[in-house]
Structure formats: C-alpha cells, structure tokens
C-alpha cells in the first residue's frame with residue numbers, strides 16, 4: 001500500500017471517529033433537557049448514542065471483513081432488500097409515522113429508518129453496475145431506474161431530505177462515471193420541474209420555501225424551526241457560550257439533539273468551533289475523495305467517491321438548513337445527530353470508504 | 001479505451017470534489033454571516049425570544065395628607081396574560097377561564113388564539129380580584145400567567161374627590177391632583193424577566209432577572225384628613241337640612257397659606273367616575289365658582305379704611321336711615337328701617353351697607369380699587385388647583401361712584417371662594433398675602449425623601465400689623481355681638497363675617513335665591529385656622545349667612561380646635577345676650593360639694609346625680625368653666641359606693 005494512501009485512510013478514520021465522539025458529547029448537551037422533559041422514563045440520549053456508536057462500529061468492522069462485499073449479486077441483494085423495506089415502511093402496521101412522515105419500521109424497542117440504508121444500497125448497486133462498464137458510452141436507462149424507483153418510494157413516506165441525498169449522491173456517481181454533461185444540464189432542468197411539481201403536490205413545502213425566504217413572516221408556523229435555529233447560531237458570535245451553555249436547547253428549538261444539533265454546536269462553541277467542525281467534515285470528505293482518486297478499479301472508485309459525495313452532500317444539506325442557507329429539510333448530520341439509523345448508515349458508508357479505499361473491495 | 005475512461009473519471013472526480021468544496025465554502029461563508037455579521041440583530045431577537053416578560057405594573061404614587069394618612073393608595077388587582085405557544089388546547093382553556101372572568105368563551109378563545117408570544121387578556125382579564133387570580137392560578141392552565149397590576153384604592157371613599165380627581169382605565173390621571181401630578185405619580189413599571197424554557201419553566205442555571213422600574217412618587221397634600229372629615233360631614237348635613245344645590249368649604253392656615261381642607265358637596269365616587277356628570281368632577285367649587293361675595297367682602301373695605309386711617313371704630317359715628325343716596329341711586333341697607341345711629345364698630349357688627357359705602361368713599365375710588373387688587377382679587381391665587389377662576393371686577397372705566405359704592409359692601413363684583421380666603425387671611429394674619437397651596441411635598445417612593453417641596457410664600461404685605469389686629473378685634477365682636485353670633489364657640493374666640501349674596505343669572509339678580517356664606521377664624525388674638533363655608537340655594541330657612549353658614553363654621557371651628565389642640569383662650573368677648581337666645585350659665589367648679597349645696601347654688605339647672613347618695617362630687621359634666629344652657633342637664637359624679 002502506498003504511504004499517502006495509508007495516511008489518507010488514517011486521516012479519514014480519525015475524522016470519522018472524532019466526529020462520532022463529538023456527536024456523543026453534543027447529543028448529551030443538546031438533548032438532555034429535551035429528553036428529560038419528553039422521554040422521562042427513557043435512558044439519556046447520550047448513553048443510547050454511545051450504544052448506537054458501539055453497534056455502528058461493530059457493523060463497520062463487519063463491513064471491513066465481509067468477504068462478499070465486492071460481489072455484484074451481494075449489492076443486488078442489498079438493493080432489493082432495501083426496496084422491500086421501503087415498501088414495507090409504507091404498510092400500516094409495519095411502518096410508523098413520526099413528524100408526519102411514515103419513515104420508520106419498529107423493531108421491538110428500536111426503530112429503523114430504511115431510507116438511511118437505501119442511500120448506501122443505491123450507491124453500492126450503481127457502483128457495482130458501473131464497475132463493469134467497458135464501452136465509451138455509459139448511459140443506461142437501468143441506472144436511472146435504479147435511482148428513481150427508491151426515490152419515488154421515499155417520496156411516498158414522504159422524506160424529501162433523504163430522497164435528495166440519495167438522488168444527488170447517485171447522480172454524482174453517474175457524473176464521475178462519465179455521463180455526458182448535457183445530461184446533467186437536462187437533469188437540472190428536470191429537477192427544477194420535479195421540485196416544482198413536488199411543491200405543488202404538498203403545499204407545506206411551499207410554506208417551507210416561503211419560510212426560508214422570510215422566516216419572520218410566520219414565526220410560530222412554518223418559519224419556526226428556521227428562526228429558532230438562527231436564534232441559536234446567531235447570538236453565539238465568535239466564541240459561543242461554552243459547552244453546555246446553550247439556551248435554545250431548552251425547548252425553544254425542537255428536537256435539538258437531532259436534525260438541528262449543529263445549531264446547538266454553533267451556539268455553544270461559536271463560529272470558531274463550528275467552523276472547525278465544518279472543516280473536519282471537509283477533511284473527511286477530501287480524504288475520501290483522495291482515496292477515490294487513487295483507485296485503479298472503477299468499482300472501487302465509484303464506491304468510495306459515491307459514499308464520500310453522500311456524506312459530503314448530507315453534511316452540506318444539514319448545515320445549510322441550520323444556517324439558513326437552505327430551506328428547512330429534515331436531514332441528519334452524519335456521525336453527529338442522535339439516532340441509530342443515521343449513525344449506523346454513516347459508519348457503514350465510512351467502512352465502505354475504508355474497505356474500498358484500501359483496495360480491499362474486490363477481494 | 002480504459003485509459004480514456006480512467007482519465008475521464010478522474011477529471012469528473014475532481015469536478016465533483018470542486019463542487020463539494022465550493023458548497024463547503026458557502027457553508028463557512030453563511031455561518032460567518034449569521035454568527036458574526038448578523039450577531040447583534042439576532043442577539044436582540046433571541047433576547048425577545050427568551051424573555052418571558054410579565055409586565056409588572058408600576059405602582060402609582062400614593063396621595064397622602066399632611067400627616068401621612070393615605071387618601072389614595074393602590075390595591076392589587078392582577079391582570080391575566082396568555083402565551084398561546086404554550087397551550088395545545090386553547091379552546092378548552094378559554095372555556096374553563098371564561099366564566100371565571102365573565103368573558104364570552106368564543107371571543108376569549110379568539111383572543112387567546114392570536115399569533116403573539118404574549119397576550120394581555122383585556123378587558124375581562126384586566127384587574128381581576130386577587131381571590132379570582134389565586135383560584136385561576138391553582139387551576140394550572142398552561143401558558144396562563146398572572147401579572148401584578150394595581151388599581152386605585154380609596155380608603156376614605158369619596159372624600160376629597162373633587163380635589164384629588166381620579167384615574168382612567170390604564171391608571172392614568174384624568175382629573176384633579178391625579179391629573180396635575182400624573183407625571184410624578186406614574187410608576188415606571190417593572191417587568192419580571194423570566195429566563196425559562198420555551199414552556200415557561202424556570203431554568204435552573206439562569207437566575208430570573210428584574211427589569212427595574214420603580215414606583216411613582218407620592219404626593220403629600222397640605223390637607224388634614226381629620227379636618228376634611230369634619231368639614232365634609234358638616235357640608236353633607238347642611239345639604240340635607242337646607243336642601244341646598246351645593247355647598248363648599250375651605251379651611252386654611254392663615255399664617256402659611258396651607259389649605260387644610262377643601263370640600264365641595266356633593267362629592268362623587270372616584271372609582272365610578274364614568275357614571276358621574278362631568279360638571280361634578282370638573283368643578284372644584286372652592287376655586288371654580290365665582291359669585292358675589294356679599295358682606296364678607298366688607299372685611300376688605302374695613303381693612304382699607306383702617307389702614308388709610310380714615311376711621312376710628314369706637315369714636316366715629318354713623319347714622320343709617322336704611323339707605324344711601326349715590327348719584328341719585330338709592331342703595332338700600334339689608335335692614336329696611338336702617339340701623340339708626342351707631343359707632344363704626346357697630347356698623348361692622350351689623351354689617352350695615354350705608355356705613356360701608358361711607359367707609360369706601362372715605363378710602364376713595366382709586367385707593368379702594370388698589371386695595372382690592374392688592375388683596376388678590378381679579379386674578380387667580382396661583383394655588384395650582386386645577387380649574388381655578390379669576391373672577392370679575394369692574395374695569396377702571398366702568399368704576400363709577402355707584403360701582404364704587406356697591407363694591408364697598410361686596411356687590412357687583414364676582415370672586416372665587418379661594419380669593420376671599422386668601423384676602424381675609426391676609427387681613428387677619430398681620431397683613432401678609434400668603435399664596436394658598438394644597439401640595440406640600442412630592443416624596444421619593446424608595447427613600448421617602450422629598451423630591452419637591454412647597455413652602456409658604458408671602459406674595460406681598462397689604463396692611464400693617466396694627467390694622468390687622470383691629471380687623472381681628474372688630475370681627476370678634478361681629479361674632480360676639482353682631483351678625484355672626486351663631487358662630488360663637490365658647491373659649492375659642494371665634495371671629496368672622498357673614499355674607500349673603502343674591503345669585504345672578506343672565507345679568508339679573510335671581511329673586512329668593514342666595515349663596516349664603518360665612519368666613520370665620522379662631523382664635524381672634526392669634527388666628528390658627530380660617531374657615532370659609534358657602535351654601536348655595538338653601539331652602540327651608542331664612543336665607544342669611546348668619547343663620548345658615550355661621551353655625552356650620554362655629555361647629556367646624558369647635559371640632560378643629562380639638563384636632564389642632566387650640567386650647568381655651570383668655571380674654572374673649574362674651575356673647576351679648578339677646579332675647580330668644582338660650583340663657584347660658586358658666587358652670588362653676590363643684591368638686592367636693594354635696595347635692596344640697598349645689599342645688600342651692602344652681603337652682604335653675606337640672607341636676608343628675610351618679611354614684612353614692614349623700615357623697616361629694618369628684619367629677620362633673622360639663623366641666624368647670626364651660627358655658628351650658630340653663631335648660632340643660634348637669635351630671636354630677638360622686639365617689640363610687642363602698643362595697644361591704
């Protein structure tokens with residue numbers, strides 16, 4: 001193994017580990033009050049997050065050792081399995097509704113969010129398909145079908161954020177694979193049309209856009225989360241209030257340990273601290289892209305860059321929402337947000353980057 | 001081929017990474033924008049968001065009398081506030097709350113559903129009784145808060161209502177002292193700033209802040225509520241007894257100008273001002289009303305004549321045929337057949353009009369006019385009491401001989417009661433015009449130290465000390481021997497002057513409709529208080545100041561004497577007996593005497609013996625030296641019977 005490659009692997013793994021530990025710390029700070037008030041009888045979020053982290057690391061270890069990981073049929077199976085779960089989540093009795101979206105499957109005391117794993121399945125499936133690509137022409141309708149089928153199913157829940165992450169990272173895979181740029185311009189136009197259609201179909205999304213443009217037009221309604229997030233981030237200034245000193249976490253910002261955890265991070269450690277966290281994410285992504293660039297085998301390159309794009313874009317989407325750069329969309333922050341599915345998915349993605357980045361994917 | 005694909009993939013990989021790098025840069029830029037550039041703006045908004053500020057109404061300053069008695073205070077009357085975001089079932093909350101505050105449930109729900117962080121539930125939830133607030137508080141309706149609020153409290157009820165005025169819906173001063181001193185009385189308002197979680201639960205690590213405000217300043221009046229009570233009681237009785245239209249009174253310390261009581265009857269309930277005719281609460285009669293002073297004005301003519309050395313009261317004599325002829329006009333004396341030949345002291349005692357015309361003429365037209373102005377007529381006194389009038393005098397051009405003559409006995413001009421009080425005070429206090437005032441001090445509510453202080457203000461000297469002394473003596477003899485006899489209080493040396501003025505309507509005298517007044521003071525040798533009483537349109541009685549107002553002033557002075565501890569005075573002019581007066585005797589000291597001894601001494605008086613038969617007196621009522629009516633009862637107390 002090349003020395004640089006090794007350094008990149010270590011850098012990536014350290015960044016992921018650091019973000020995970022940061023995650024546990026801030027789940028503790030952000031979520032303890034909310035947890036006390038809303039889930040009195042439950043274990044503290046931070047403790048559960050620690051357990052989820054252990055489970056995630058075990059899963060990652062499994063991914064790093066699993067023999068059939070480079071097998072095309074394995075990714076087919078994973079893909080089909082995730083489609084089945086996406087269908088299952090829509091069936092009443094199996095799927096559970098939270099915050100207006102039917103996105104969870106309850107498994108005893110735990111619940112699973114199939115969309116989190118669909119992202120991985122779709123990228124893995126696409127990477128394995130494109131790894132066999134031999135001709136100059138890469139465009140295949142089946143690629144699009146692989147993306148659009150789960151995208152449609154996720155929108156039935158509906159979970160716009162997950163759909164966006166999955167679709168964007170999947171198309172990123174196609175971009176890297178060499179899809180003509182014209183295709184992406186066309187796609188951009190189609191995407192705009194699609195988003196317009198989605199907004200037309202569900203008026204609450206229009207409210208979110210309006211709230212995004214002027215959150216203070218409806219401070220208690222559609223602008224609420226955006227405003228409460230800005231009220232956490234903005235007053236913190238350069239240095240923040242210090243760890244544990246957030247005010248917005250006291251029920252002002254709903255579910256602060258979850259999608260809006262970065263608000264609390266920005267509030268407690270200020271611009272300097274939270275910019276450092278963003279840079280850590282950037283290091284993570286850059287290391288992954290560096291590893292991708294070093295792959296000779298297209299499957300590995302696609303896999304590593306696809307996962308990297310997914311983690312990077314999800315990070316952008318989440319922090320973009322928190323800082324008011326983007327309209328409010330429910331997306332978790334990889335490695336950091338509270339939640340088993342999110343953390344598990346992030347670590348599976350990380351493990352895949354490490355496995356394929358080390359050139360062990362095809363083994 | 002494979003190389004081409006690889007090369008293209010790496011190119012695309014760089015493109016994708018570049019795009020991602022740009023996106024991350026955008027995040028950093030936006031984060032900087034929010035946290036650094038918009039920091040101040042968002043901090044302010046966040047402060048509003050965190051603050052659960054319950055308005056804490058500023059306590060309005062109190063209005064006190066000269067001894068610190070609370071005339072107007074504050075009563076706690078909480079106001080309800082509601083935070084809609086903290087309640088998930090507003091309809092149910094409105095339904096529960098509505099009957100408790102007599103509100104319409106539908107309207108209340110509408111009000112409570114407004115999109116605001118905090119809503120004042122006015123008017124139904126404003127200033128609710130304390131007990132109701134406690135009951136509502138115990139129900140624990142989420143998002144419902146009780147803010148501290150006050151309404152005015154009137155421990156003396158309607159007392160002084162026309163002077164102190166009242167406050168409106170938002171506790172703002174609308175009339176009287178409440179209006180004039182609104183800026184000082186108004187509290188700045190405090191707020192309880194609660195650092196809470198979004199549901200209003202207090203946060204353990206952030207202490208509740210107070211937004212400091214502070215109560216309003218207290219206003220201390222020169223009024224003495226004990227005297228005010230006496231005066232208002234007397235006016236009320238007079239209103240009933242004489243079925244009068246209205247009545248008014250002023251009690252002043254003639255040496256300082258401090259108003260000790262200022263009363264108008266009828267009063268009104270300041271808490272219910274909305275249902276009161278504005279002509280009641282807008283008219284503070286003692287300063288607002290102007291009318292012919294009548295004979296009380298003769299004091300000014302008398303003072304002027306004495307000061308100018310134009311008369312010797314004992315030596316000079318005057319014959320009153322019942323009228324005086326001035327430029328062909330026949331000006332009548334109030335006594336049709338005239339007072340005949342009399343000394344000028346008797347002219348004063350009898351309040352003889354032709355006699356005063358003579359005095360006025362001796363002083364001279366210009367001089368008299370000058371005195372009238374100097375005594376403060378024709379302009380407001382500067383008392384600072386809202387709605388004070390200046391009265392009407394004859395202009396210099398219109399002041400002909402007839403006007404000169406009528407003015408000398410108080411007709412044809414129009415003055416306010418407070419002007420008369422100011423002028424007479426000067427005539428009897430040694431000659432100094434003292435500015436009347438009602439507000440003594442404005443006090444800081446925290447320290448109790450004065451922020452503002454009014455002190456006696458001498459405007460000018462109008463007559464000499466000796467003249468003043470002569471005026472006092474002649475006015476004492478008016479009470480002892482003349483038209484003011486009904487104001488006599490034994491041992492108090494009451495002096496004074498009656499006044500009867502026919503009311504003027506549309507420039508003509510109204511037949512049979514008078515304002516009867518009396519201005520009296522005591523003790524005559526060193527006046528401590530000056531009391532003015534006027535009763536408007538009394539019925540059921542001969543309409544003379546001497547018969548209606550004089551006894552009221554006498555009773556007021558008698559009661560004030562015990563409040564201000566004016567002891568029995570020596571050297572009083574004994575009241576001259578007139579037929580029809582009850583015969584009075586001065587009770588001797590009977591201590592140690594037996595029943596039989598006393599019976600021999602006082603055979604006309606009814607005696608009532610208490611205690612041991614055959615014993616001797618240890619106590620008696622009335623006490624020794626007091627005047628009692630011959631037909632009265634003398635109570636004698638012997639030492640108690642021994643129990644075997």
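Glycine residues also receive a Cβ, built from the backbone N, Cα and C atoms like all the rest.
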Checking feature assignment: transmembrane segment per TrEMBL, candidates A:18-37, A:78-97. Which range matches?
A:78-97
Range annotated as transmembrane segment - as stated in TrEMBL, picked from A:245-268, A:269-292:
A:269-292
Please check if the transmembrane segment (A:163-181) comes into contact with the transmembrane segment (A:269-292), where contact means 3 or more CB pairs closer than 8 Å and the residues in each pair are separated by 6 or more positions.
no
Cβ under 8 Å, sequence separation of at least 6 from the ends of the transmembrane segment (A:269-292): give me the contacting residues as numbers and ranges.
4-5, 8-9, 11-12, 15-16, 18-19, 22, 233, 236-243, 262, 300-301, 304-305, 307-308, 311-312, 315, 319, 334, 353, 356-357
Who are the long-range neighbours of the transmembrane segment (A:187-206) in its own chain, taking Cβ under 8 Å and residues 6 or more past its ends?
155, 158, 160, 171, 222
Contact set, same chain, for the transmembrane segment (A:78-97): CB under 8 Å, 6 or more residues outside the stretch:
103-106, 111-112, 114-115, 117-118, 120-122, 124-125, 146, 149-150, 153-154, 156-157
